[in-house]
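Worksheet: one structure, shown below.
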Amino acid sequence: MRDYDEVTAFLGEWGPFQRLIFFLLSASIIPNGFNGMSIVFLAGTPEHRCLVPDTVNLSSAWRNHSIPLETKDGLQVPQSCRRYRLATIANFSALGLEPGVDVDLEQLEQESCLDGWEYSKDVFQATIVTEWDLVCQNDWKGPFTISLFFVGVLIGSFISGQLSDRFGRKNVLFLTMAMQTGFSFLQVFSVNFEMFTVLFVLVGMGQISNYVAAFVLGTEILSKSIRIIFATLGVCIFYAFGFMVLPLFAYFIRDWRMLLLALTVPGVLCGALWCPLGLKMMGSRWSPSFLLPIPLTILFLQLQDLNSKKPQLHHIYDLIRTRNIRILTIMSIILWLTISVGYFGLSLDTPNLHGDIYVNSFLSAAVEVPAYVLAWLLLQHLPRRYSISAALFLGGSVLLFLQLVPSELFYMSTTLVMVGKFGITSAYSMVYVYTAELYPTVVRNMGVGVSSTASRLGSILSPYFVYLGAYDRYLPYILMGSLTILTAILTLFFPESFGVPLPDTIDQMLRIKGIKQWQSQNQTRMLKDGEESPTVLKSTAF
C-alpha cells in the first residue's frame, strides 16, 4: 500500500486548494479563543465587602468602621466575608461612643454577611459572581463552574474522534460550531447559577469537538510541510487572535450578559464557511465539492486503491492492543495532562496578577504568538521530543524560580509568569503535531482524541490549582513547575518522528525507547539459547 502522503502528493504543496483550506479551517477556530477564556471576565470576582443596609442607624464613623480589617500583601484592607455585629455597633452608635477611641474594635463580636455584599464596580459592572453572590462560603462555585466547562470539553474530546470518523469531519465540525454558539447564546438568558453551568458544559462539548475535527481535517488534507504550519501558526495563532481580542471586548463591555452576547457573533459568522468549505470526509475518504479546484477523477482513482486495502474497522481499544501502543498512549496521557494544567492554570490566573486585568489578559494571549512561531521553527528543524522537552524545562524552571522574587518586584513576577506561559504554550502547540505523527492513520483521530481527553482532565483540575493561591500565593506555581519539569524528563523517552513518514498501520508505529532495547535484548537472548540448544529450536519449529 502506498504512503498516504505519496497518494496525495499530486495536490501540490501550497496551491489554491491548500490555501483555501488552511485559511477556512484556521478561521473556524477564532470563536474557541473567545469562549475558552471568556470565563476570566464572565466569572470575575471584584473587590467586595459585607453590605451594611442603609436602614441600620449608624453614625458615619461607625459605618466606616463596620468592617474588620485584615492584612493582605502587607496592607490593611477590609475583610470580604465578615462584619462587626450590627446590633452591637448600632447600640454603641446610639450611645455616642467612638470606634477605636471609646471601643476596642478587636474585642467586638463579628458575624457573616447576612445582608449580602456590596461589590466594587471599578473593574466589572456585573459578573456571574456579583449576580449570584459566588463569594465567601459560595466561592467554590467559581472554580467549579470553570471545571464543569472543562468536563464538557472532556466529554467532547472523548466522542469527537469517533464521531468525525463515523459521520465525516466537515459535518461534525459545523454541527459542533453551531452547538458552541447556540448554547453560548442561551447562557445570556440564564436565570440562576445552575442554568448557566449546565449550558456551559454543553458549550465546552461543542468547543473541543470542533477544534479536534478542524485539526484532524487539516492534518489529513494538507501536505506534510504545510501540515506543520497549519497545526502551529494556523490553528494556534487564530486561537490566540480570538484570545487577544477577548479583553478588548471585555474592556468596553463590562456587563457579563452583554459581553457573552457580543462573543456569540463571530460564531454565527463562521456558519458562512459551510459553502466554501465543501469537503466531506469519512475516515480517510474525501468528497471535494465543485467549488474547490481539485481534479476529482484523479483523486478518486488514487484514493480508491488506498481505501480498498483498509477494510477492517478500528476501535478505541486498539490504542492498548500492543505493548508499544499501550505504553505510548499512557505516556501521551501524562504529557497532555501536565501541559494542560500549566497552560490553563496560567491563563486563568491572570486576574490574580498585579496590574490591570485587561492588560494582563492581553499579554497572556499575545505571548502565545511568539510561542507558536518558535514551535513552528523547532518543528521544522529540530527533533520533536527534544524541542518539547526543552520548552517544558523552560516553563517549569521559571515557575519554580518565581517564589524567590521579592514581593515588591511584582512586574518581574508578572514577566516570569509570561515566560512560563511562553514555554508551556510552545510545548502545547508542538504536542498536537507530535501526537498525530506518532499514531498510525487507522487510529490517528482516536489517538489525538484520547490524548486531548487526558488534557481535559488537567484543565478540570487547573481552576483548583489557581484556587490554592488563596492559601499560599506561590503554591500553584510550585506545583505546576514541578509537574512540568518531571514531564519534560518523561518526554525524552518518546520515539522520534522527525523526518519519518506517517505510519499507516499499528505495525508501522515507531517504538518507545525502552521497548526497542528490551525487544533487542530478548531477541539476542533467544538466539544465544538457540545456539546452545539446537534440539530445542528444532522441536519448536514443528
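Cβ from N, Cα, C; glycine included.
Copied over from TrEMBL:
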TRANSMEM  20-43  transmembrane segment
DOMAIN    88-499  domain 'Major facilitator superfamily (MFS) profile'
TRANSMEM  142-160  transmembrane segment
TRANSMEM  172-189  transmembrane segment
TRANSMEM  195-217  transmembrane segment
TRANSMEM  229-253  transmembrane segment
TRANSMEM  259-279  transmembrane segment
TRANSMEM  325-345  transmembrane segment
TRANSMEM  357-379  transmembrane segment
TRANSMEM  386-404  transmembrane segment
TRANSMEM  410-434  transmembrane segment
TRANSMEM  474-494  transmembrane segment
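Within the chain, the transmembrane segment (195-217) has long-range Cβ neighbours (under 8 A, six or more residues past its boundaries) at 25, 28-29, 32, 35-36, 39, 128, 144-145, 148-157, 159-161, 163-164, 169-170, 172-174, 176-181, 183-184, 186-187, 231, 235, 279, 281, 432, 436, 444-445, 448-449, 452, 456. Between the transmembrane segment (325-345) and the transmembrane segment (386-404), three or more CB pairs separated by 6 or more residues in sequence fall under 8 Å, so the two stretches touch. Same-chain residues lying 6+ beyond the ends of the transmembrane segment (357-379) with a Cβ under 8 Å from its Cβ atoms: 33, 37, 40-41, 44, 123, 228-229, 232-233, 236-237, 239-240, 243-244, 246-248, 250-251, 346-347, 350-351, 387, 391, 414, 418, 421-423, 425-427, 429-430, 433.
Counting Cβ pairs under 8 Å to the transmembrane segment (410-434), the stretch among 20-43, 172-189, 229-253, 386-404, 474-494 with the most such contacts is 386-404.
Distant neighbours of the transmembrane segment (229-253): 22, 25-27, 29-34, 36-38, 40-41, 211, 214-215, 218-219, 222, 259, 262-263, 266, 357-359, 361-362, 364-366, 368-369, 372-373, 375-376, 379, 429-430, 432-433, 436; these residues of the same chain sit at least 6 beyond its ends, with a Cβ under 8 Å from one of its Cβ atoms. For the domain 'Major facilitator superfamily (MFS) profile' (88-499), the model's average pLDDT works out to 81.
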